[in-house]
Amino acid sequence: MKLLDGKEVSAKLKEDIKREAAELTEKLGRKPHLVAILVGHDGGSETYVASKMRNCEQVGFDSTNLHYEDDITEEALLAKIAEINADDEIDGLIVQLPLPKHIDPEKVTEAIDYRKDVDGFHPINLGRMQRNLPSFIPATPYGIMLMLDHYKLDISGKKAVVVGRSNIVGSPMSILLARNSNPGNCTVTLTHSRTQNLKEEVLQADVVVAAIGRKNFVTADMVKEGAIVIDVGINRETSTETKSGYKLYGDVDFNEVSKKASWITPVPGGVGLMTIIGLLKNTLEAAKGTVYPK
Ligand code: NDP
């Protein structure tokens, strides 16, 4: 078994992004700028946004965290998004999900100018991605593709099984793996909670992507000998063993599955770090105007 080491790959790619950001700053006379909107006080969301902002600073981007109380109206939020859309000095805008119940996430997603949609959730970006046109690609699947590319794993023609069909991970992941591109060209099965005989489906996979949200869901008896296993899951449990007071578990039973896999991502230290890279790369591309010329 070899480790798909998110720490090593993300550190290398971060250096590349930092170098490019410095060159771009020189050219534009300002830094690439990402704005994140956070509504309410969900512990996970606050941690994720803080980490995104910190990573922006580390590579030389400007970052702004607009934090609103959860009683902000949908109208006020949409007005703020329109204001940011019109600001030429802001390159990327993300709205951290989940949102409070009285705000429609679809409306918010579509309100973001697709040219600033560095989360890649806008239907225009999703459609362009599906057609293999330049677009912003959702950060987690993008990060996974960058990792596969880094290790030059030959997945062309192989069978990939994605477990989980969310808009942000499973579904875009299945599109990317099936696209006629490198990495890509897999024969993809997208599975979910209604899938019959899930174990038999996963057992056929040369590449397994687990994005379910259930600790140790993928067990060794579900995985073929020699498979490449990508674990997206982040399952938090309180723990007295760590300083932070919690411990993270993936969707894959790492201890057992790693005995059968040819390559596997750890949790933590795998996909989570690559997700940040996906977001940073999208923001850099937004500032450069490479996806959508300015
Ligand atoms: P969602 O809850 O949006 O989606 C989970 C998916 O898993 C759904 O499609 C659901 O099926 C499917 N599922 C649930 N139970 C089963 C089951 N028993 N058998 C088969 N499929 C099942 O989650 P996300 O995609 O947002 O996230 C998945 C995990 O990845 C979470 O742990 C999350 O924290 C983590 N994550 C990690 C990131 C990272 O950077 N590493 C980034 C984003 C998420 P159905 O559609 O039928 O309900």
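In case you wondered, yes, glycine gets a Cβ from its N, Cα and C as well.
Annotation source TrEMBL lists domain 'Tetrahydrofolate dehydrogenase/cyclohydrolase catalytic' at 4-119.
Averaged over the domain 'Tetrahydrofolate dehydrogenase/cyclohydrolase NAD(P)-binding' (138-288), the predicted model has a pLDDT of 97. The domain 'Tetrahydrofolate dehydrogenase/cyclohydrolase NAD(P)-binding' annotation in TrEMBL covers 138-288.
A simple way to gauge crowding: the CB of S166 (NADP(+) binding site) has 16 other CB atoms within 10 angstroms, across all the protein chains here. Taken from TrEMBL, the feature NADP(+) binding site covers G164, R165, S166, I234.
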Three-state secondary structure of R165 (NADP(+) binding site) from DSSP?
coil
Taking the Cβ of G164 (NADP(+) binding site) as centre, how many other Cβ atoms lie within 10 Å?
24
